[in-house]
Amino acid sequence: MGDPALSRRGFLAASAAAGLSMTALSACGGDSDGGSSGTTTIEWWNISTTQPTKDVWAGLAKQFEAQNPDVKIKIVQLENDAYKSKMTALTASGKLPDIFHTWGGGVLKQQIDAGLVEDLTDRTKEWADGLLPVAREPYLFDDKAYGIPFDIGMIGFWYNKALFKQAGISTPPTTWSGFLDAVRKLKSAGITPLALAGKEKWPGMYYWAYLAMRTAGIDALQKASDDKDFTGEGLVQAGQHLQDLVDLQPFQKGFLGAAYSSPTGQAATVGNGKAAMELMGQWAPVVEADMGKGLGTNLGFFPFPEVEGGQGALTEVFGGGGGHALRAGAPQAAVDFLKFFASAATDTELVKKTGVLPVVPAAESALTDPNLKAVQTQLKAATGFQLYLDQAYAPAVGQEVNDSVAALIAGSKSPQQVTESITKVAKEEQ
Amino acid sequence: MTSTFLPDKRSGPDVGLPSPAADTGRGRARRRALHWLTAVGFQVPALVLFGALVLLPMLFALYASFFRWGGFGMPEDYVGGDNFTRLFEDPVFLGDLWRCLVLVLLSLALQLPFALALAVALNQRIRGRAVYRMLFFAPYILSEAITGVLFGMIFAPDDGLADHALGAIGLDGVGGQWFADPSTVMATLFLVMTWKYFGFHMMLYLAGLQSIPAELTEAALIDGAGPWQRFRHVTLPLLAPTLRISVFLSVIGSIQLFDLVWVTTAGGPDHHSETMAVTLFQHGFKRYQVGYASAISVAMFAISLVFALAYQRFVLRRDLEGATTTLRGGGS
């Protein structure tokens, strides 16, 4: 009587074991097998799962294979979040794919510290030095390059020229007090100055991060994270400047419950002309037109204003992009592919077809959209760079920044308390 | 019946065919052991699945709750009860407990009586009652996520259907910011919860009402009982078992509330609608503080368990009497 049950249990155990070993096997997927006939197979892990990028990238891989008959490229595409968790698991296991997507910053630093990432400084020097400097920033550690960018962007104010005119504002503000004046003018003209997605928290964080850069200086945010101490005078002042803005009640009605990209969210509010500005990345015009009507030629861009008496400059940017890194000991073919991917011809195609900003100066002519051109001008003139905090910081710290700044905007935390909460979480994370 | 049909046959050929006289002592013990083995044999697959998919993860969550752990590799950084100390100092979690209590009390005080009133009304002979029953039950069938998206649009400040409808009947400005205001978000959330779940409780009550024999109500009627007296002294006592189950489900549902909140407000503004499950998700999957998130899950489990056991022990005792699912062996 017991036998069938036993064998069923045996079957279950066997299938469980099979399942586990399959997971284990797939976790080893980063291996590159040098083929027997002298062909090298390179695995290329990326997150371009949406069209048209997916096809463009596959086409580029084919093109590279045609130019290098002894190299095969195996593309592994994962959706953003799946990719992040898979890479965390691979980092723990100690083996990364030959070529992999990276945002640079803290995560890449962890992988470098674990000895898993190839130092590309010398192997790419001859051609990588010509790339847009600000785009290379996220992948530089101690002046060594660990990644090659293919995209770069930044946060800034997107504004409605018609509404500015209506409120009597002739030129976009360049100082924080000028900005607050503009907000007051818009308000007295009956126009909602700013749209904000309070439900999602990260758009609010942009204000605090930029104010911290402008007040405490370009290195303050990274230094605070390294020292696990965010309570410095400059960061508290940043919160106070944000408080000054919040006190003017500049946001749309119900902003605390608003999403970013929904038919009633932040992007739609600006896109439909119901608010004059939003602080957002280079993707803002697309989302505004997608979720709302879009502003067309009425849309303008200006960099985050300077804070009077602060350490930062108008030309320092807060942003990020995308790049590729190689696993330690990756074959030469992988380096060749990075070179191919950062060539003027490839970048021109990427700019034209997938809407990224150029990282190769020669590809700039492919950029036609006036808004993206304005962003590009800022990026080219950049004198300093701070990576998006959720990529620069550990996840818990990044989330706490979002959360505390949201509380400041909602009026339940003081600038001082914001810095204390973030410090507490940073210390817990060790 | 002859001895050839006795269950002995199942013992296998080696036992042979014992006479009824031999059916004592060792033979009986052996047969009992075989019965037991059979029972266990049939349960093994289910137990293995239950163990691997329910019990083990639960025990692992308990284990992980004593570590500072990012969720990858094995937990190594043992911190003792730190996660739990932190839990009961965390204003967000303490707020979660308070909000949970508020939702439970509101449900018991408003949502369930409303469902009961509707059930009683729809138990009368009225035209089209099947249509009404279906209509009221429909929200329950809709997924939580869809409900959330829908009401997110309806309660959008100014542009939403709710504000337009209030404006159309001359109540401009009565509608506020709904989900967007810390002081109204819980009320709005409760409104949506009620819309979503009252139909389910109404159906339970309807089923309970229909099992009440009409003779009892008729007898009360003949004895001169008015409508309220009939409801109070006949319907309500006989509906009590259903009510007790419905309260139980409602409370457990409030403790574990997640989907609706996540989609409509994600716990905001500023944590004012956050529930335990939302806090758990935030820490586990946004901050990768899986050890701390496990501590939250253990706390949630403990609260649910204590409530469930206490409720069964003190409230459901009579309803469970003689039920096959009680643990009290034969029952009496």
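Cβ coordinates are placed from backbone N, Cα and C, and glycine is handled just like the others.
The domain 'ABC transmembrane type-1' annotation in TrEMBL covers B:97-311. Annotation source TrEMBL lists region 'Disordered' at B:1-26. Annotation comment: TrEMBL describes B:36-64, B:101-122, B:134-156, B:176-195, B:238-258, B:290-311 as transmembrane segment.
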Practice item. Report, as numbers and ranges, every residue of the chain located at least six residues beyond the transmembrane segment (B:176-195) whose Cβ falls under 8 Å of a Cβ in that stretch; write 'none' if there are none. Key: 99, 102-103, 106-107, 110-111, 114, 139, 147-148, 151-152, 155-157, 160, 162, 257, 260-261, 264-265, 268-270, 272-273
Point to revise | Same-chain residues near the transmembrane segment (B:238-258), Cβ under 8 Å, at least 6 residues beyond its ends | key: 100, 103-104, 107-108, 111-112, 115-116, 193, 197, 201, 204-205, 207-209, 211-212, 216, 275-278, 281, 300, 303-304, 307-308, 311, 315-316, 318-319
**Study point:** Long-range neighbours of the transmembrane segment (B:101-122), counting only residues six or more past its ends (CB under 8 A)
**Key:** 129, 132-133, 136, 186, 189-190, 193-194, 197-199, 201-203, 205-206, 209, 231, 235, 243, 246-247, 250-251, 254-255, 257, 275
